[in-house]
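J.: According to TrEMBL, the feature active site, proton donor/acceptor maps to Asp148. Per TrEMBL, the feature Mg(2+) binding site maps to Asn9, Glu382. Sequence annotations record features per position, and here TrEMBL assigns ATP binding site to Lys16, His208, Leu209, Gly210, Asn211, Gly212, Asp283, Ser284, Arg285, Gly331, Ile332, Gly333, Glu334, Asn335. According to TrEMBL, the feature substrate binding site maps to Arg91. Positions annotated as site 'Transition state stabilizer' by TrEMBL: His180, Arg241.
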Amino acid sequence: MPTKIMSINAGSSSLKFQLFEMPTEKTVAKGLFERLGSQDNAVFSYSFGTAKEKKELNRFSHKEAVDFLLNFLIEKKILSSLEELKGVGHRVAHGGEAFPHSCVIGIQEEAVIDELCQLAPLHNPVNLVGIRSFKEALPGVKQVAVFDTAFHQTMPSKNYIYPIPYDYYTQDGIRKYGFHGTSHQYVGDEAAKALGEQVESLKIISCHLGNGASICAIKNGKSFDTSMGFTPLAGLMMGTRCGDIDPSILTYLQKNKKMTPEDVEAMMNQQSGFLGVSQLSNDSRDILKAASEDNPQARLALDIFTNRVKTTIGAYAAEMGGIDVVIFTAGIGENSAEIRQLCCSDLAFLGIELDENRNQEGQSFIQKDGKSVYVMVIPTNEELKIAQDTFELV
Ligand code: AMP
């Protein structure tokens, strides 16, 4: 008898849902609430079979959106009753060191997720709002947390301890946590399946390149290193985030330009990356177009972005002592042949070389015949991974 599992991703003003039939993994319905908790009316868009709609609702909180959604699913006969729903899986940004795996959320787990708000003040509080709204609406249904950080808990300490006084780790929890773990784990497993190999037997470099971007070295089926750090600001350059920069720049700006910590944080998170360098846009499509029209700053932004991906691939190949598979995923990784090509240029010495046609067509395997490294394009599906973990736990 198939089971229905809901996958939830709650953002500060949004709530994304996808309803799956398990174990078939078929999507039954999916949609998005936007402008929640604001002065504006909420907007609800959904698709169900061939039906697709976008409509304006009243002003809604997250809790009101959840109540609306559950009524809607019954009204449209997408669910015959709420009893059909066997579990709700929630994306939770930060699981700290407490959660190396997904878990059913009891009172204790909820309290720990709450404590971890100090490490992810922008994300964990809204994830909790989603969890509490569903708990209230569906008291008999198990809620599961799937953490962005959990997959990376297997990293060796040499890869997660920062070379600052050790007390900051033991007393304040300052270490590399890494993010996008659900996506890296999902595409790593998919790559192994496609190759007919055990994931444990492969050295994989997963490049999640979207508006947020990170790379993960997967060795023996486990996260071995990753480019995001204590926060999702570290590592690669991103749409509006700077990634790694000399940390002294922060104190220099605070001392010499009288910027406050908040100013510096906003500059690094919202005004940097593609947007900051190009002074045009955070969207790689705009950057690619402007670069093709010889805009020098757009070209520079593209060069910095792709060079950072390339140097990270090189570093992780060295760390793992080799490389079998490179995966490109997320908005940019799945869609831009040009960026994939730029990221892989000059890497022939590592056995990484793309076939131009396969890359242009975005085929699953895009390496040249006879090359030692498989290069793959794999659409990520964090919602499905959340549903898989939830199904397993309930
Ligand atoms: P994500 O964060 O994974 O949803 O990815 C969003 C980003 O993917 C957008 O900001 C775009 O820069 C990028 N993107 C989507 N489609 C394309 C495309 N066809 N070519 C280049 N970049 C794309």
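Each residue, glycine too, has its Cβ placed from N, Cα and C.
Describe each of these features in terms of where it is and what it packs against.
T.: Counting every protein chain shown, the Cβ of Asp148 (active site, proton donor/acceptor) has 26 other Cβ atoms within 10 Å. According to DSSP, Asp148 (active site, proton donor/acceptor) sits in a coil region rather than a helix or strand.
Non-local neighbourhood of Glu382 (Mg(2+) binding site): Asn9, Arg91, Thr182, Ser183, Tyr186, each in the same chain, at least six residues away, with C-beta under 8 Å from its C-beta.
In the three-state DSSP assignment, the secondary structure recorded for Arg285 (ATP binding site) is helix.
Neighbour density for Arg91 (substrate binding site): within 10 A of its CB lie 22 other CB atoms from the protein chains shown. In the three-state DSSP reading, Arg91 (substrate binding site) counts as strand.
His180 (site 'Transition state stabilizer') is surrounded by 29 other CB atoms, counting those within 10 A of its CB over all protein chains shown.
Remark: Arg241 (site 'Transition state stabilizer') has Gly212, Pro232, Leu233, Met268, Asn269, Ser272, Gly273 as non-local neighbours, by Cβ distance under 8 Å and separation of at least 6 in sequence. According to DSSP, Arg241 (site 'Transition state stabilizer') sits in a coil region rather than a helix or strand.
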J.: Which ones, of the recorded positions His180, Asp283, Arg285, Glu334, have a Cα no more than 10 Å from the Cα of Asp148 (active site, proton donor/acceptor)?
T.: His180
J.: Which of the three DSSP-derived classes (helix, strand, coil) applies to Ile332 (ATP binding site)?
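T.: Ile332 (ATP binding site) sits in a helix per DSSP.
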J.: Cβ under 6 Å from an atom of ligand 1: which of these recorded positions qualify? The list is Asn211, Arg241, Asp283, Arg285, Ile332, Glu382.
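T.: What lies within reach of ligand 1, judged by Cβ under 6 Å, is Asn211, Asp283, Arg285, Ile332.
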J.: I need the most crowded of these binding-site residues: Lys16, Arg285. Count other C-beta atoms within 10 angstroms of each C-beta and give me the top one.
T.: Lys16
